[in-house]
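Only one structure is covered here, and it is reproduced in the block below.
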Amino acid sequence: MAAKKYSAGVKEYRQTYWTPEYVPLDTDLLACFKITPQPGVDREEAAAAVAAESSTGTWTTVWTDLLTDMDYYKGRAYRIEDVPGDDECFYAFIAYPIDLFEEGSVVNVFTSLVGNVFGFKAVRALRLEDVRFPIAYVKTCGGPPHGIQVERDMMNKYGRPMLGCTIKPKLGLSGKNYGRAVYECLRGGLDFTKDDENINSQPFMRWRQRFDFVMEAIHKAEAETGERKGHYLNVTAPTPEEMYKRAEYAKEIGAPIIMHDYITGGFTANTGLANWCRDNGVLLHIHRAMHAVLDRHPKHGIHFRVLAKILRLSGGDHLHTGTVVGKLEGDRAATLGWIDLLREQFVPEDRSRGIMFDQDWGSMPGVFAVASGGIHVWHMPALVTIFGDDSVLQFGGGTLGHPWGNAAGAHANRVALEACVQARNEGRDVEREGKEILTAAAAHSPELKIAMETWKEIKFEFDTVDKLDVAHK
């Protein structure tokens, strides 16, 4: 075979990176992008440009291409599809050889897939809709420190969703008053309480004060109720060294679970903390603060299903997923899709839920889906139906806003949850019969009755901004 010769100049991307005849390998990492090209840029060229800029390409031919096997290492745009109901954009499917990515590094994956390519002038908007991580790559990642079953065994809680609460006000409480709020919620019937995502170590409450008062509250509530209790102690910090210092102290005082803001804190920090939690027997709750900056626009950014997959690889035992019924953005079908991607071992392609590829997680443990944001007792039937048992239902204002106080709010939520779980186990349609189920339970629980009266008119009926494209058909 004649040796390839270097020929300087600029070629159209499609000449190298548009390969419609390519059949993806089981070891390829596959990505689906939604591309809105600039006027005058055709689909094949735009798709090839994204494949090039997210893998081996640059704007001109370079002689060093001849020093490696470009045909092996390049990304390949292999399929284009219409976006239902939108003529401006299209789906581009791109295959990347696994050797483009460092083993076990979600940071390296994102640096390629959502790096400079998102500022590329040939596209007006670009969104990463889904990624298929090959099982060969999944096996290089640590994943959740413990997973669903191990957490249930550690906390001795089975057969129902867990109940939680974010302490409010989220900022401004002293350590002692914060601990008191935690105690009231836990003794009332909750399994967990939680630091809000922006509680770190501010002047009004330094982290060590909070940790000490919270653990005092946990021990007291456990002694009174005979149940295991926990509080998500947020160890997110300005530096990794400080983060580990806080995590070590939490372990020292007996905390069963800590918390990290995985997007603002960074994927490197999150993976390191997940490894530490695995080695030290501490559960890890993950908050998704900043996700909507990346995932809310329907044409530009990163879809949350990708952020959820990245978190499962990076490591976390819980992840906030939205509620569908609460105050935060969330399409029902899409939410059900990424809940499955967090918990199941194998998730097949399902366009009705926005899942573009089969995803095999092998033996990687699952992640608890956390429903939080503007929910109260009236939402309980829908939440139990949507999220199932392997979830944490967190009622912040829906606990602390009870007219009789935190303990009464917690008690109301526990009674509502157990009534819905019992009805479901009896074969009833919990979502359809929710009002009847809750009303019957409230006859024996004045706390639930008052909660139902307090929040009977509270609804969040704004339309979802980021709808599934299938819904536009």
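In case you wondered, yes, glycine gets a Cβ from its N, Cα and C as well.
Features of the protein shown, as given by Swiss-Prot:
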type     : residues                                       : note
BINDING  : Asn116, Thr166, Lys170, Arg288, His320, Ser372 : substrate binding site
ACT_SITE : Lys168                                         : active site, proton acceptor
BINDING  : Lys194, Asp196, Glu197                         : Mg(2+) binding site
MOD_RES  : Lys194                                         : N6-carboxylysine
ACT_SITE : His287                                         : active site, proton acceptor
SITE     : Lys327                                         : site 'Transition state stabilizer'
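The two recorded residues, Glu197 (Mg(2+) binding site) and His287 (active site, proton acceptor), show a Cα separation of 7 Å. The Cβ of Asn116 (substrate binding site) lies under 8 Å from the Cβ of Glu53, each of which sits 6+ residues away along the same chain.
Across the fold, the C-alpha of Asp196 (Mg(2+) binding site) and the C-alpha of Lys170 (substrate binding site) stand 6 Å from each other. Here the candidates are the recorded positions Lys168, Lys194, His287, and by Cα distance the one nearest His320 (substrate binding site) turns out to be His287. Cβ-based crowding with a 10 Å cutoff singles out His287 as the top-ranked of the recorded positions Lys170, His287. Working note on the recorded positions Lys168, His320: by count of other C-beta atoms within 10 Å of each C-beta, His320 ranks first. Sequence-distant neighbours of Lys194 (Mg(2+) binding site) (same chain, 6+ residues apart, CB-CB distance under 8 A): Gly164, Cys165, Thr166, Ile167, His231, Tyr232, Met259, His285, Gln394.
For Arg288 (substrate binding site), the same-chain residues that are 6 or more apart in sequence and have a Cβ closer than 8 Å to its Cβ are Asp261, Tyr262, Ile263, Phe304, Leu307, Leu311, Leu319, His320.
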